[in-house]
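Worksheet: one structure, shown below.
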Amino acid sequence: MVNKMKWRRTHYSADIKPEMDGQEVIIMGWVHSIRALGKIIFVILRDREGTVQIVAPKQKVGDELFSQIKKLGAEDVIAVKGKVIANEKAPNGFEILPLELEVINTAKRPLPLDPAEKVPAELDTRLENRFLDLRRPKVQAIFKIRSEMLKSVRNTLYNEGFIEVNTPKLVASCTEGGTELFPISYFEREAFLGQSPQLYKQMLMATGLDRVFEIAPIFRAEEHNTRRHLNEATSIDIEMAFADDKDAMDILEKVVYNAFVDVYENRKKEIETLGIEFELPPEKFDRITYDEAIDIANAKGVEISWGEDLSREAEKAIGEEMEGLYFITDWPSEIRPFYTMPDEKNPNICKAFDLMYKDLEISSGAQRIHLYDLLVENIKKKGLNPDGFTYYLEAFKYGMPPHAGWGLGADRFTMVLTQQENIRECVLFPRDRQRLTP
C-alpha cells in the first residue's frame with residue numbers, strides 16, 4: 001500500500017485498442033477477479049469505463065512481479081504499467097502484459113457485497129453497502145445515463161433561452177399550503193426544508209429574467225413507502241414569462257424528447273449493459289383531457305368521479321390504454337394548487353397538466369395566476385391565509401406578466417430512461433421513510 005501514487009493513469013480501459021499493440025500504458029482500478037493457472041495469472045482490472053485483462057506468465061514477468069500479482073485479492077486498488085498485446089482470443093482483442101505493479105490499497109475480506117455480481121444481493125443489502133454496489137457495471141450504467149439526461153436537459157433549456165438559478169431550500173413556511181414539511185431549528189425560529197421552488201420561480205417572473213430553470217433537491221415529509229416515492233428527490237423546474245400552459249408543454253416535450261435522443265446516441269454501451277430495449281418516443285406526445293382520462297378509467301372498471309384525483313388503480317388503467325408518454329390536461333381547479341390559472345370559460349377547470357409515462361407521473365405543470373386579486377381570492381378558496389404568503393404576493397403588485405412552468409422529477413425520469421421498477425435504483429443514496437443512512 002502507498003501513501004502517494006508514483007504514476008498517473010494514461011488510459012481508461014475503454015481507451016485501449018488492439019491497434020496499440022506494443023504501446024506502454026498505465027491503467028488504474030480495482031481487481032475485479034483473479035485466476036491463477038499454474039505459472040500464468042489472469043487479472044481482470046475494472047475501472048469506470050469497463051474491464052481489461054492483464055495476463056502475467058511467470059517466465060515473462062519474472063518471479064518477483066509474479067509473486068506480487070499472486071497476492072492480489074478482489075477489490076484491491078492497483079496501478080499497472082504494462083504493454084498492450086494484441087490477441088484476437090482476448091476480451092476486446094487485446095490484453096496487458098504487466099511490467100510493474102503498484103498496490104495502492106487493499107480491500108478487507110470477506111466483502112459485504114460482491115461487485116462482480118457472482119453472488120446476488122437484496123436491494124436493502126446493496127443500499128447499505130452502496131459504495132460497493134456502485135462499483136457494479138449495471139449500477140454505474142444507471143447513473144451515467146442519469147448524468148447524460150441532466151446534461152441534455154441543461155443544454156436544451158440553455159438553447160431555449162433559459163437561465164439557471166438557485167432558490168432557497170430553507171424556508172419560513174410551506175410552498176403550496178400543504179403540511180408535508182420537514183421542520184428544522186433555525187436559530188430562535190422554526191424553519192422548514194423546501195418542498196418546491198414554486199413560489200420563488202414565480203417571483204422571478206416579475207424580475208424580467210423571463211425564463212429560468214433549476215435542478216435541485218426537494219423535501220417532502222410524505223409517509224409513502226412505495227417503489228416510486230422518496231422523501232428527498234431531485235426536481236427539474238422551469239418557469240417562463242409571457243407564456244401559457246401550451247407553451248410550457250411544448251418546452252417539456254423538447255426537453256424530454258431530446259434527453260431520450262441524447263441517451264440513445266451517447267450511451268449505447270450503458271443501454272447494452274442494462275440489457276434494455278431502448279425506443280425513442282415521438283417528438284410530439286399525445287394529449288388527453290382529465291375528462292377523457294377518467295372515462296378510460298371508468299371504462300376499465302375503475303370508478304373515478306369528476307373532481308377526484310386519479311387513484312393508483314386509475315393511473316394503471318389509463319397507462320394500459322395510453323402507453324408511452326402522454327399529457328393529461330384541463331384538470332379540475334379544486335384539486336390543483338392555488339396558483340393555477342382557471343380556464344376563462346369554465347373556472348371549474350384549470351390550465352394544468354401532468355406528463356405521464358404509462359402509469360407513472362413524471363412531471364406536473366400549469367399556467368399560473370399572474371393577477372394579484374385573483375391569486376388572493378384563490379388562496380382563500382383553498383382555506384389558506386394570504387398573510388402567510390406576504391413576501392410572495394408582493395411580487396404580484398408591481399407588474400407580473402403571464403407565466404407558466406413545470407417540475408420534472410429527475411429520479412422518476414431516470415426510472416423511465418433506464419427501465420427500473422424501483423426509484424431507489426436511480427438515486428445514489430436514497431432517502432425514504434426508513435433510510436437516513438448511508
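Placement of Cβ uses the backbone N, Cα and C atoms for every residue, glycine included.
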Of 98-101, 150-153, 198-201, 242-245, the range Swiss-Prot labels region 'Aspartate':
198-201
Write down the one residue from E270, E272, E277, E361 that Swiss-Prot lists together with R220, A221, E222, R228, H229, L230, G409, A410, D411, R412 as binding ATP.
E361
Run through the region 'Aspartate' (198-201) and tell me, per DSSP, how many residues are helix, strand and coil.
4 helix, 0 strand, 0 coil
Under DSSP, is H229 (ATP binding site) helix, strand or coil?
coil
Hey, what's the Cβ neighbour count for R412 (ATP binding site) at 10 Å?
23
If you compare CA-to-CA distances from E361 (ATP binding site) to each of the recorded positions P91, R220, R368, which comes out shortest?
R220
